[in-house]
Structures are given as C-alpha cells and as structure tokens.
Amino acid sequence: MKFLHTVAQTATLLLSLGASVEGFNRARNDACKPHHPFRPLPASTPRTKTCHVRSHGDGTDDAAFVLSALRKCNNGGKVVFDADKEYTIGTALDMTFLRHVDLEILGRIQFTNDTDYWQAHAFRHGFQNATTFFQLGGTDVNVYGSGTLDGNGQVWYDLYAAEPLTLRPILLGVIGLHGGTIGPLKLRYSPQWYQLVANSTDVLFDGIDISGYSSSKNTAKNTDGWDTYRSSNIVIQNSVVNNGDDCVSFKPNSTDILVQNMHCNGSHGISVGSLGQYKGEIDIVKNILVYNISMYNASDMARIKVWPGVDSALSEDLQGGGGSGAVSNITYDRMYIENVDWAIEVTQCYGQKNQTLCNQYPSNLTISDVHIKNMWGTTSGKRDPNVGTIVCSSPDVCSDIYVTNVNVTSPSGTDDYICTNVDESLLDVNCSSG
C-alpha cells in the first residue's frame, strides 16, 4: 500500500512537470509558488534566433557540435537538441561563457562510459572529490525540455565498488551561473551527485525529474539530487527525486535558499551539511526554507550534519573534521513522511563512530535559530522506540532549536526522541535518555 501511494503521488507530480514544458516562464519570480525567493530573481530576456545541434547519430562524440551551436546562438538565441536525435558527449565541456541563451533539450544526451578519460579530464571543484562532466555558467541561461540527460552511471557504480577512490563525475554542473532557470528536465543514472550548484546566484530549478538505480549488486552511491555550494538565492521546487542519498544538501556557504513542493523517495533527507569537514575553513549556512515535502523510504527527513572537532572518517574517500562556522535561520515546515528512519536528525558527530571522542572534541561549528514544524507520518521502525535524534556535542554550540507540531510515530506507536545538549523546553516532543 505504501508503494502504491508513492507511485500515485509521483505520477501526479510528473504529469504536472510534463505539462509545464510548453509554458516556460521567463518571469522567474512569478514561477515561484507558494513562497517567493529571499530576493527577487531577474527575468529572462526574449530569444530571437534558433540553432539546432547536429548529431553523428552513431555514438561518435558530439561535443564539438554542441559548442558550435552555443557560440552561434549565444547572446540572445535558443539552442535546440532535437527530439528525434541522440547526442553523445565524450569531451568535458566548459560552457561558462553563456549569455542570454536557452538550451532546449528535446532529445537524449548521454555521456560516454570512458572512465579513464573522465577521471583525468572532468572539471574538479575542490570539495569532497566533486567533478563534473561539464560546467554550465554565465548570465541568464535557461535549460529545459522534455528530453533527458543520461550519465551512463552503471559502469561507475561497478567501478566505485571495486575502487572507492574513483572520481565519479556529477551529471549537471551549474558553475558560476547568475540568473537562470533549469527545468523541466529529466536526469538519469548520474555516476555521483545529480546536480552541483556552485558559485552561483539567482537560479531557479523547477520541474526536475531524477531517477536512476543500479542493475547490479553494486548500489548507486552518493547520488544526491542537489548540492548547493558557495551559492545564494537559489530556488528548488516542483520536482521528483528517486535516488540513494540526500534529496537536497546545503553544502558550505549556501545562503538564502528555498526548497518547496518536493517528492523525495529513497533518499537521506533534506540536509544541512555536511559542514565543518575541513580544518581552517569557515562554513556558513543560513536563511534556508524547506516547505511542503513528502519523504518516502528514506533514512531522514529534516537533517543537520556537522563534523566533530576531531579527525574522522565516514568512508575511505570522505574524511575530515575540525572546521568551523555557523548554521542559522533554518526552517523546515509542512512535511509528510512514510517509512523514514529518523524524522529529525541533528548531529555534530558526523563521520565519527566514537561518541566519547565527539564529546571530548566538540564541534567548532554552531547551530542556532532552527525551526522544525508541522510534520506528520510514520517512521520505518528501524530506530524504535525513537523516531528522532537531536544531539549536540556541547551545550555551548547549540541554541534556539525549536520543534513544534510534529506528529510522527513509529509503526509500534512510540514517539521518543534522543535529546542531548539542547534546551528541551523548546522541543515539543517526547525527549528520552536514548
């Protein structure tokens, strides 16, 4: 029954995504509903010329055709990937020169499975081993259509299982984009994160359909839907995410971000972090609104994850701890969950299994002014009798964390929370000793 309910909800939202392709709205601010961005998004200017991207049609690299069309129709044009064509990309594309241009994707764009080439030539971004097939950036750039970006992920899922230091490319890299709309669009089989939004401002993601699982015993790992990094005034809305990691993750120096009207399935929740990974770095995440979310078959719903003040290792390719910074003005509002392990998880011991070490070396990063409200549903029972955990490494680094009107129970009917080093008078939940 849970599965049927999930499928029905997803199908309804997908129908609305498909219907919106024809009605692309250049007034980005008007497209944001019910909440508006923290700052107005600039409108997109009209396009007056059209270029169609050629395709070899036989699996030969079409990257040169893409660049040729972009240069021809840059500054006021539309570049079309035709519906009856398949495009193969085997070369890393730097598309950060774009100005006032649309990319209408009607066909299928697939990246080659040449793992040696991509590990050597994909663009590196200096955070958590992040690399991208391409860099999309510039000013007033829109990417939309009924077509698909395909990351050819299976070869990467199998390779990563054998060699965990493999550098797996991110499917969609929005790097240095100032003013833009991404979506409607389908994203499939990303080798790692589906989207990285870095060094960008004033971007709307609207109507993104994400899905892609492994067909072998090697699962598709680290397939976050979105990761925002050093970016501000971003809107993510009206999207369906079927993946195996964070639905949305706010990485360091993400500010003024709105996430609304999302259906997430199989994920690790909508997460602040991880933060505090790198010594000497100051990570700030502030002014985040997460609204109207359905979360199914996930590890978490509302999640804040911070590294402790001691060296820690989550995995062979993800280690850190000891960084500093602050999390503030975070709101999660109106959430429904079903078969989710933790309704709420706040931790400052991310990547460290030894809680004693976390207590001895508390996080250098503060958490304050957090509001989690209006959540209902049922957990998976995996943490029974607990349904949530709100644990800070020291009372000195957490303040003003509020939880109100949260009606979540386990399948057995319990509703306990582990609460440590937080002001329990602000938590309208049943705090237990854990």
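Numbering starts at 1 and runs along the chain as displayed.
Yeah, the Cβs are placed from backbone N, Cα and C, and that goes for glycine too.
Residues or ranges marked as active site, proton donor by Swiss-Prot: Asp245. The DSSP secondary structure for Asp245 (active site, proton donor) is coil. Other Cβ atoms within 10 Å of the Cβ of Asp245 (active site, proton donor), summed over all protein chains shown, number 23.
Of all Cβ atoms in the shown protein chains, 24 besides its own fall within 10 Å of the Cβ of His268 (active site). Among the features that Swiss-Prot reports, active site is placed at His268.
Under DSSP, Cys264 (disulfide bond) is assigned to a strand (E or B) in the three-state scheme. Neighbour density for Cys264 (disulfide bond): within 10 A of its CB lie 27 other CB atoms from the protein chains shown. According to Swiss-Prot, the feature disulfide bond maps to Cys247-Cys264 (among others).
Summarising the environment of Cys398 (disulfide bond), the number of other Cβ atoms within 10 Å of its Cβ, over all protein chains shown, is 26. Annotated disulfide bond per Swiss-Prot: Cys392-Cys398 (among others), in sequence order, evidence recorded as similarity to another entry.
The Cβ of Asn113 (N-linked glycosylation site) lies under 8 Å from the Cβ of Asn152, Val155, each on the same chain and at least six residues away in sequence. Annotation comment: Swiss-Prot describes Asn113 (among others) as N-linked glycosylation site, evidence class sequence analysis.
The feature N-linked glycosylation site is assigned by Swiss-Prot to Asn129 (among others), with sequence analysis given as support. Contacts of Asn129 (N-linked glycosylation site) defined by a Cβ separation under 8 A and a same-chain sequence distance of 6+ are given as Leu167, Asp317, Leu318, in order along the sequence.
Residues or ranges marked as N-linked glycosylation site by Swiss-Prot on the basis of sequence analysis: Asn199 (among others). Just so you know, the Cβ of Asn199 (N-linked glycosylation site) picks up 17 other Cβ atoms within 10 Å once every protein chain is counted.
In sequence order, Tyr229, Arg230, Ser231, Asp283, Ile284, Val285 are the residues near Asn253 (N-linked glycosylation site), counting only same-chain partners six or more apart with C-beta under 8 A. What Swiss-Prot records for Asn253 (among others) is N-linked glycosylation site.
Marked as N-linked glycosylation site by Swiss-Prot on the basis of sequence analysis: Asn265 (among others). Around Asn265 (N-linked glycosylation site), a 10 Å sphere centred on its CB holds 23 further CB atoms from the protein chains shown.
Using a 10 Å Cβ-Cβ cutoff, Asn292 (N-linked glycosylation site) registers 18 neighbours. The secondary structure of Asn292 (N-linked glycosylation site), as reduced to three states from DSSP, is extended strand. According to Swiss-Prot, the feature N-linked glycosylation site maps to Asn292 (among others).
Feature annotation from Swiss-Prot assigns N-linked glycosylation site to Asn297 (among others). Other C-beta atoms found within 10 angstroms of the C-beta of Asn297 (N-linked glycosylation site) number 18, with every protein chain shown included.
Residues within less than 8 Å, Cβ to Cβ, of Asn329 (N-linked glycosylation site) and separated from it by at least 6 positions along the same chain comprise Lys286, Asn287, Ile288, Asp369. Annotation comment: Swiss-Prot describes Asn329 (among others) as N-linked glycosylation site.
Under the three-state DSSP scheme, Asn354 (N-linked glycosylation site) falls in the coil class. For Asn354 (N-linked glycosylation site), the Cβ neighbour count at a 10 Å cut-off comes to 12, with all displayed protein chains included. Marked as N-linked glycosylation site by Swiss-Prot: Asn354 (among others).
Taken from Swiss-Prot, the feature N-linked glycosylation site covers Asn364 (among others), and the record attributes it to sequence analysis. In the three-state DSSP classification, Asn364 (N-linked glycosylation site) falls within a strand.
The feature N-linked glycosylation site is assigned by Swiss-Prot to Asn407 (among others). Residue environment of Asn407 (N-linked glycosylation site) contains 11 other Cβ atoms, counted within 10 Å of its Cβ in all protein chains.
Positions annotated as N-linked glycosylation site by Swiss-Prot, on the basis of sequence analysis: Asn430 (among others). Cβ neighbours within 10 Å of Asn430 (N-linked glycosylation site), excluding its own Cβ and spanning all shown chains: 14.
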Subject >> Top Cα neighbour of Cys264 (disulfide bond) in the set of recorded positions Asn292, Asn297, Asn364, Cys392, Cys398 >> reply: Asn297
Subject >> In sequence order, the recorded positions (Asn265, His268, Asn407, Asn430) whose C-alpha falls within 10 A of Cys247 (disulfide bond) >> reply: Asn265, His268
Original post:
With DSSP helix as H/G/I and strand as E/B, how many residues of the region 'Disordered' (35-54) fall in helix, strand and coil?
Top reply: 0 helix, 4 strand, 16 coil
Original post:
What does DSSP assign Asn113 (N-linked glycosylation site), in three states?
Top reply: coil
